[in-house]
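Annotated in TrEMBL:
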| type | residues | note |
| --- | --- | --- |
| DOMAIN | 8-171 | domain 'TIR' |
| DOMAIN | 759-896 | domain 'Bulb-type lectin' |
| REPEAT | 277-311 | repeat 'WD' |
| REPEAT | 456-489 | repeat 'WD' |
| REPEAT | 503-542 | repeat 'WD' |
| REPEAT | 623-664 | repeat 'WD' |
| REPEAT | 764-797 | repeat 'WD' |
| REPEAT | 818-850 | repeat 'WD' |
| REPEAT | 863-897 | repeat 'WD' |
Amino acid sequence: MTRFGVRVPYAAFVSYSRAVDGKLAPALQHALQRLTKRWYQRRAIRVFRDDASLTANPGLWSSIVEALDQSEFFVLLASPEAAQSEWVRREVSHWLHHRPVGTLLIAVTDGELRWDPATGGFDPDRTTCLPPELLRAFAEEPRWVDLRAARHEEHLSLRVPHFKDKIAELAAAVHRKSKDDIVGQDIREHQRTVRLVQVIVAIFALLAVTATVQWRRADSQAAIATAGRLADQSAALLDSDPAVAMQLAVAAYRTADTAVTRSALLSARSRGHAGRLLGHRAPVGKIATSDDGALAVSADTAGTIMLWRLSPLDRVPVVLRTDRGPQPATGSAALAFIPGTRILAEAGWVGSVTLWNLANPATPRHMSSVDVQRDEIRSLAASADGRWLAGAGLDRTWLWRVEAATLSGQTVVATASATQVAFGAGSDVLYVAGFGPDLRVFDLTDHAHPRALPAVPTDSADVGALAVSFDGYLLATGGAGGQIRLWSLADPRSPVPAEHHVLASDHRDVTSLAFHGRSLAAGGFEGRLRVWDTQTGTTTVDQPNAYGIDALAVTATGLIVTGARDHIVRVWRHASSVHPGTIGNIFTVAIGQNGTVAAATADGQVYLRNVHRDRFGTWQPTWRAHDDSIAAIAFTPKETHLLTASYDHTVGIWRLGSGQPTLCHRIADSWAPLRAIAISGTLLAVGGNDPRVRLYDLKNPCDPVLLTEFNAPTHIVGGHTVEAVEALALDAEGTMLAVGRFSDPHIHLWSVANPRALRHIADLRGHLFGVRALAFSANGSVLASGADDGSALLWDMAALGERITPKSVVWAQPMAAPLTHGKSVAGIAFSGDGRKLATAGYDGTVAVWDSSRPNRPNLIARLAGHRSSVEAVAIAQGGDFVVSGADDATLMLWSLDAQQVAAWICEVTITPLTPAEWAAYLPDIAYRAPCG
């Protein structure tokens, strides 16, 4: 309803005495709201009644005043009790003081109402139902409605003719229509509703017939329901038990191929996969792996040492030792492989260190032992050249020469409370740590006479973990309090803080550290497995609920082997499914036709990798292209060059070849940071933080020629002019340019067939907030857009082309319902054949849609794996994989071949899902082996 051209929330305010009209008032409110209501409306008008509409408010009167001021009419249920009510009188007084008396309507529910023509007011002696304030309020006798007959509940219904007639009189005044119009309109709406009900009945009859047919498909529907439950359980277990989650996802997909099960399956592969090696009966406290990554050895606190074959995989361990020896000891046996061999050093028995030859894992051979005078060795480390072995004991550190499978030349260094020991890159520096904050350094130039060097304070209460990188340039320390620190070993004898000295850690206590290339893996008591890129200090893997890690090792192939307090050894396969960039927030990605992926970051780095040739490699920075964030990246059509647009006001054009990309030209703009580029054939469009869009001829990519520039339409938001160009897209023929602006919900289309005679031809309306991403299908028939309203829209360019006129700007609407994300859609891309569309959202997901019928797109899968907003997405020409980049500093490569992913999961599954585990999660569904 409106008042003086201003919309008000309530059409009427009902004032009454609860004591008398407690049943009539709600019935009147309901009837007024229902009369003339259309079938699809909740109510025809809104009527305020304090019991039904008054929200909780510390000040009751202020709430009533607010409702009065927001109402257009005042309906008084007049009765002697209402006339005496303090609240009714206050409401009437407020209304008369602020509103015309003609907007006050009277419905008498009890008592008498008598007008005195002589005095021009109501007779105070014979009028018993009006408050005193109304006796002289009217200049002439007002019309009023007599509801005194509606005293019983059965009378309070629009089905009762008398009651409906009286309500129609009130409704006529409120709607400002005649009573006949109100009654007629209500009859028409009732007839429409009857017809609608008839249609619905017919539909239900049809549905009944359809149900008979559907009954025959019950098995299929039951399978879909079961698959949905499996998929839901898989999603719930992704973090806590990824091994089970991945197998449940396979079971879900193989039960029913739906968008839900595909989403679960493809998302499951994005998580770290933990295969379980079972056999220990006590917490596993030590892990060691051979140089070739084929063997792992684990030791538990009960004294059992087990050998596991990782390549090829053998789930049945070989037991090396099952007791602790003649004396009790704390913790697990210390373990270390001698580099370049399959010789294992272990200190499982108190007072000795033993060498084992594991060349034939099926038949381990005891080689020799050395006495350590009843000392308890807590840590072992071998030098990189395999010539020396060190052991940290209770109050001393031991040093042996490794010769002909024996330990000789024993040297003892006094080191109280040592628990960790590690060699530098060679064999001439030794690092020792343990209880206490200091890292002790020893010069081993003369191994027979180690020389103590100045200790290095680590700022940890105790150092519980120590590791040296394979190249010998970094040392990592971790301990109580969860601090992990990196030390540069440029001078191995004098460690100093590295560039990224302190790594962000959520660990309560760090129990184990291990390097793999530039990556550092860490485990902690609280059960979190994390991996960092030591060059950038960013996290590449963050696996919660990793079961309380007491030991950790990384194989040469990148497998992470952990030992936990739940007696299980786990093998984590992160590198095979997730490709973390760990390079700063990733703003843009692109995929070339030959499978080359390009990604650019907030710190100006560009990453290139051909995923067809190097599917499971790691992402390494190729070069720093800009000094500021790179907002857009694109290949030229023949992929001879790569273009990067940056906030540093430039577009870099890089020549690609077999070696390092080289800069052949830089387009500079002194006015604005550049945010968007689009390429089609030899035409390049560039936009940034101002209204201008520039077009260049790229016939010679290293010598671009400026063809023209123009100002795209600006947009007013909140009184401010929006100028920034957020997104650009060119169709395949290079004749149409789509422009999206920050905070502008419209998409502007320009004809650029003749760059020197540009024409604004159409504006596309459909989004509610600013357009963030644009993409044309390969044949140019469909334009896709993503916006801050959380939706992606598809636009029919063929139909639009038929409406374009030479002299006017055409408006158009989307061809299908919005494709939704929970938050902003920041990236969008078509596959080469236009049959698939990928969208990236700030809800942390990547959605892949079947766009083969763009007027009816269907969800193929929603990929969940990023832990922050997804900024960019690209899809391969053949539509077989997607690459996404996010604010969590990760790049992810997603396979869209569900059958291939299911086969891969079954291939890498170390421990099949057992019937007991199945029953624990899905007790009412019969067991089916996911990979059987």
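Placement of Cβ uses the backbone N, Cα and C atoms for every residue, glycine included.
Annotations in TrEMBL come from automatic prediction, not curation.
Sequence-remote contacts of a segment are chain residues at least 6 beyond its ends whose Cβ falls under 8 Å from one of its Cβ atoms, and for the repeat 'WD' (277-311) they are 317-325, 331-337, 339-342, 344, 346, 348, 358, 361, 364, 512, 550-557, 559, 561-571, 910-911. Away from its own ends, the repeat 'WD' (456-489) comes close to residues 379, 384, 419-426, 431, 433-439, 441, 495-503, 505-518, 520, 522, 524, 532, 534 of its chain (Cβ-Cβ under 8 Å, at least six residues beyond either end). DSSP assignment over the repeat 'WD' (764-797) gives 1 helix, 19 strand, 14 coil. Across the repeat 'WD' (863-897), DSSP classifies residues as 0 helix, 19 strand, 16 coil. Per-residue confidence over the repeat 'WD' (818-850) averages out at a pLDDT of 93.
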